[in-house]
Amino acid sequence: MGYIKQITIQGFKSYKDQTKIEPFSPKTNIVVGRNGAGKSNFFAAVRFVLGDDYENLGREERQALLHEGSGSAVMSAYVEVVFDNTDGRFQNNNKPEFVLRRTIGAKKDEYSMDRKNATKREVFDMLEAAGLSRSNPFYIVPQGRVTAITNMKDEERLNLLKEISGSNVYEKRRTDSLKLMSETENRCERIDDLVNDINLRLSELEGEKKELEAWNKSDRERRALLYTMNARQEAELQEKIENIDAFRHNGVADVDGHNSQFRETEQEIADIDAEIGELKSELEMLAADRAQLEEERNDAARQKAAIEIQLNDLSDGQSAAQQAQRQRDTQIKKLQKDIGNREKELRTLLPEYEAKKAEEMEIRSQLAEAVGQQKRLEDKQGRTATYTNKRQRDDALRARIAEISVDLATRKSIQMQTSEDIIIVQEDIVTLEADIVRIESELDNEGDNTITLAEQLQKAKDKQDTIRDRQNNLFREERRIHSQVENAERQLHIAEREFSHLLDHATSRGLETLRRLQKQHNLAGVHGTIAELLEVSDMYKIAAEVAAGPALFHVVVDNDSTAEKVINLLSKEKGGRLTCIPLSRVRARQGNVPHTADAQPLLPKLKYDAKYTKAFSQVFGNVVVCPELSICQSFVRSHDVIALTPDGDRAQKKGGYHGGYFDPRNSKLDAYHRVTELRRNVEELREKQDEIRQEIDACRQQLNEAASEVRKAEYLKNHAEDGYVPKRQELRSKQTELQRKRTIVEDMERTLADLVSAVNVLGSQQSDLEDEIASDFKKALTRDEEELLQSLTSTVRDLRKQLAVLSEERSELEMRKSDMEVEVRENLQPSLDRLLEQQAGPGGSGNQSARLKDAQRQLNNINKTIADFDRRIEELESRRDEANARLAQLEEARAEKETSNRNLARAIERHKKGMEKSLQKRAQYRDELTAIQRDIRELGTLPDDAYQKYTRWSNDRLVTELDKANKALKKYSHVNKKAFQQYEDFTKRREALCSRRDDLNESRNHIETLIEVLDQRKDEAIARTFKQVAKYFKEVFVQLVPAGTGRLIIQRRSDREAHRGGGGAHDDSDDEHTTSGGKGNNKSAVENYTGVGIAVSFNSKHDEQQRIQQLSGGQKALCALALVFAIQQCDPAPFYLFDEIDANLDAQYRSAVAEMLRKLSGKGGESGEGGGQFICTTFRPEMVHVADKCYAVSYGDMNSKISVYSKERALEFVEESQRVAR
């Protein structure tokens, strides 16, 4: 329905912080707040964004709307209103919401619609289309407007109705039409004056036309004679120029041949120089490689001598070592056999020993149990005699039970700790056994491990030698590349020096600086110069270079920003000057370029990337290549292009020629491409050099790693050789520790068994005592107990005998086991370890043989290395001889070609001088020919017979007749030569003015008709608006004052005059009389209106009505509100804003107004669709009672805020405000 959904304010007047008001109800919304809190500012914010009363703001007015307070200054403010658009009232692509924002600052005042910028006119048109008419602004009623309507005079109310009806628009259009009609009258008068002047001038031109016809006849004869004389001179000059062109054509062919041969020879000399340089570099490299190989071969020879001496020493000591090894092997086998026998006997003895020990422990446990039970019965028997009653006995038993409990807890704790200690020691035993197995396995594999380590050491040394050889090869390759780089840089330096001589200093420095800056700053968007991006065949190379001129070295960039960056960097570096061509700015030329057999466009003959088309089109787009200079001249004149020959000779637009001999050695394009190619070659060589250096660094790293691997392998090998004895000692130590741990475990297990037995005895004793407490007190043992005591005495005696026998047998087995273990541990095993240590030591035969094999392998490797050095030195010698022979051949060929080129240069110079002279003559003839052709053109158009009429006459006769014609023309020196043209121009102008006057007359008639229609529509709109407002006023007033009645009265001038003349009663007419009569009557009635009055009755529908001037202040305010509601009913809006409209009303009328708001806002049902939304500020409770949603404005810290209040809270606020006011 287009109502306001939400408002956001920031920085506007008292609202500093962003205030986003909770969405409004589509019906009635009431805003309350104390004076000065910001209610009116909220109302002003909505009027501000809707343009009401804030349309054209000056700088000071905008500044006054910004928030002023403590803290940082507010630089801008905005108000945003979100409208509901579910019914499509706002034409914004059918979106459910329409967002309108207005933003102001010290220098800006902007609108936006749906987050997009919009002009003020677009915003007002959108609001007008949505029903928010600017001609009826009563959907906003600010403070004071009700009072203003109350105090209006009748004439002012009539003007108000006219404004609402839109008559002001009609009046503006009528005024514009009258102004346009006045301007039309003035134009018609001026046109009539001009037509009269033109007629007068035409009559004067009639006489001048006859004299002009006689003058034209004599002038035609004069021009025909001049044409014949000039045509003869033109033919003579054309013939001379053609002869010179023929001579030059033949000379050009000769020069082309010589130039072509000269260029070929120059290129051959350059190729020879490059090859000579490469050969010299290669010879230097070969000499350096040979010196290095000689040095490396001498080092290898010294290593060979040292290895041979070591090999002889190892061969002499090997036989003695083998004899000692055989003796050690015999002793080792015997000791290993004895140890095996003892270990076998131990394995047989151990099960028997363990069985005896277990049996002994079992008997010991049974004995402890029997002794304990016997002692308990004896104690019980003793207690029967000690205590006289059950209580004494039980107290003593409980004391004994407590002692047993303490003792039992202590023994259990010791038992638990002992079990844990056994587990720990057993874990140590498992670890020791695993270590022993590992060490024994390592000792068994010691020989194989030593051989493996020796092989690993040799592999590491071989890898180190391979990497060292590769590094030496890379060093030689790096020296060779370094020599090539120096040679290429030398050639590049020469080429750059020659190229810089061909350019001006500023451009040369600019190109060099740009190249350096590209490397330093990595300039993106710089594509290169035209010459760099261009490829052209030899046929069109000279033409392209001459046509481009300085533009050949213009720099192509992507856009203006890059061009500006390049220019700024050049300025900062003081590095010369360059011209940039931004591709984003240049446009491809659309010139009139011919394409014929004699004129070929140069642009299609060039090769370049398509993305540079615009740049190349700018430089070469209007260039054509012609076979002859004469053809060039014709195309320069006819098509305004740059025309030149393949040799670079160019025809100028003013008739001159520019050209001559072009020295190929001075070709900027060739020089630039040569520099570019050499620079690319240097960069490639440097990249290759860097790659080799990186490989050298990698080899150096690999060599360090290989050396580390050699050191590691040597360490492992030496550690293995030196670690046999420590491993044997470690084995002995762990075996001893294992035996000690096993003994500890046995002792701890016996202790644990004793503890278990004691715990069991104490437990049984405690249980018996507890049973005794539970039994009756008796003076003697029971019969069963006495029998059990006797039985236990016999059992204890037998168990002690068995235990004595088992202990003796177990001790004997334990002694035998201990003797065998001591013999192996203290005698046999140490002897075996000493022999094995001797065998594995440095003097062992295995190590001696391994060192001998290693020395033999080193000798074989060094012999191969020396042979490889000899072969490579021989290859270098052969390559040096070949290079010297080739160098001599090249130097001889270069001398021959230099002699040939000197002869060609002299021949080219002779041709050049001859061509220059012929070119000067041709230019002279061409200037004369141009002057003659200009004279012929100035003669203008001639009769058809004039071209052949005088061709047979002699030159003398032509001169005589020309003199006669000139004398005849002198008679008409005063004639107006433009009489014919002026007569025709004035005639056309008169016709145009007459046609324009007819158009103006027709326009005037249309304007008069439009004024009549506007007057009629205006009167109809005013009458229709008054009728509607009067109808709704009567209805609204009845709703506000049910007991009364009210009406609007239209006042007419005729009624007032009749009243003054007749002295009768004043008979005003109401709205029912305004529509009577036809069109003419209606029109006269509207012009007769003088005002609109209000007549009301508050007490009766039949009493005499009072005029508004006779009412009280509250009644006047109510009448004004009734008029406002009536106007709103005529032109409904989607929402209404009322600012304290009930301020001057009595209580009963405030209730009536509130009820009116409720009814009007509820027309559309629950959703509000079809009704009107009301947003009102008030200090009275009546409107709050009918509100659908309430808001409160508060003020604090120089900032206003708007919050949602419940209806009850809003009423409390209003009542409190009234109490404060009273």
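Note that Cβ sites are derived from N, Cα and C of the backbone, with glycine treated the same way.
Of the listed segments 320-361, 362-403, 782-823, TrEMBL assigns coiled coil to 782-823. TrEMBL lists coiled coil for one of the ranges 142-169, 478-505, 1038-1065, namely 478-505. Tertiary proximity for the coiled coil (782-823) is limited to same-chain residues at least six positions away from its ends with a CB under 8 Å from its CB atoms, namely 342, 345-346, 349-350, 352-353, 356-357, 359-360, 363-364, 366-367, 370-371, 373-374, 377-378, 380-381, 739.
Each residue of the domain 'SMC hinge' (524-636) gets a DSSP state, and the totals for helix, strand and coil are 56 helix, 17 strand, 40 coil. Remote same-chain residues near the coiled coil (478-505) are listed as 273-274, 277-278, 280-282, 284-285, 288-289, 511, 553, 576, 666, 668, 671-672, 674-675, 678-679, 681-682, 685-686, 688-689, 692-693, 696 (criterion: CB distance under 8 Å, separation of at least six residues from the stretch ends). The domain 'SMC hinge' (524-636) scores a mean pLDDT of 84 in the predicted structure.
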